[in-house]
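A.B. asks: Got a structure for you, written out below as structure tokens; questions coming shortly.
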Amino acid sequence: MPELPEVEVTRQGIAPYLVDQTVVELIVRNASLRWPVPDLAHNIVGQTILSVRRRAKYLLIDTEAGITIVHLGMSGSLRILPRNTPVEKHDHIDLVLANGRMLRFNDPRRFGAWLWYELPEEAHPLLAKLGPEPLSEAFNPLQLLTALKGKKKAIKLCLMDNHIVVGVGNIYANEALFAAGIHPESEAGKIDIEKLTLLVVEVKQILAQAIKQGGTTLKDFTNADGKPGYFAQKLHVYGRGSKSCTHCGNLLSEIRLGQRTTVFCGLCQTK
């Protein structure tokens, strides 16, 4: 599943081709995505795109008339292509521009979304209760300490909770906890400010590095020009269960936590 870095890499790739361009057509070949593509999505036709933003794992395409909200789901991708590029399997939506280019949405598993909203995005049910962006100043040790107060859940589950901080998915939660030396099953509310400070630093550094590397390609993700991300080459624990720890040589442990694969080093990461 594309996580925050992959979505941000996609945003950076498509934005230069969309901003200040006028939409002349919206082609919906298959409206049966995670949520049906609404008829109102066609309201973007005739509008000029003002900006392309990211909130958590959602891409927001802004116009004066409203916002197109795009989620890549499990296997979605967006590509900038010449208009009339032949349609391939799983090419569900084309956003056609006046300059002869188009934005194409491909999603084999159809867990993605293409929605339309006319009110400020803060009021949309998908966006209204999201926590702070991890790369912003709003995500800081004191904010995290306050958000975790009294919580008995495992820290990894809290780190992946979009109400606490957005966009830290399974890959990067594993990596950040390893880098901070925190056991993923540690009771969140009992972690002291010193460890949380280090965790915040590592989350920010790892996400920023992943964006710089073009994201992490494990199976489905390619960026806006069809190229893979290269951060997978820098993973220390995710996908490395039973292999040697890159720091101490101990065999990494693999467990299921919140129905997600969790890999950690029992020596380097303490409760």
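The backbone N, Cα and C atoms fix where each Cβ goes, and this holds for glycine too.
Per Swiss-Prot, the features are:
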type     : residues        : note
ACT_SITE : P2              : active site, schiff-base intermediate with DNA
ACT_SITE : E3              : active site, proton donor
ACT_SITE : K57             : active site, proton donor
BINDING  : H90, R109, K151 : DNA binding site
ZN_FING  : 236-270         : zinc finger
ACT_SITE : R260            : active site, proton donor
A.B. asks: Out of P2, E3, K57, R260, give those active-site residues positioned within 10 angstroms of R109 (DNA binding site), comparing C-alpha atoms, in sequence order.
C.D. replies: none
A.B. asks: Can you tell me which of the active-site residues P2, E3, R260 is spatially closest to K151 (DNA binding site)? Compare CA atoms only.
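C.D. replies: With Cα distances computed to K151 (DNA binding site), the winner among P2, E3, R260 is R260.
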A.B. asks: Considering only the recorded positions P2, K57, H90, which residue has the minimal Cα-Cα separation from R260 (active site, proton donor)?
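C.D. replies: Among P2, K57, H90, P2.
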A.B. asks: Give the helix, strand or coil assignment DSSP yields for K151 (DNA binding site).
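C.D. replies: Going by the DSSP assignment, K151 (DNA binding site) belongs to neither helix nor strand, so it counts as coil.
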A.B. asks: I need the CA-to-CA distance for E3 (active site, proton donor) versus K57 (active site, proton donor), whole Å please.
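C.D. replies: That comes out at 6 Å between the alpha carbons.
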A.B. asks: If the DNA binders are H90, R109, K151 per the record, what's the largest distance between their Cα atoms, in Å?
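C.D. replies: Spelled out: the longest distance between any two Cα atoms in H90, R109, K151 is 42 Å.
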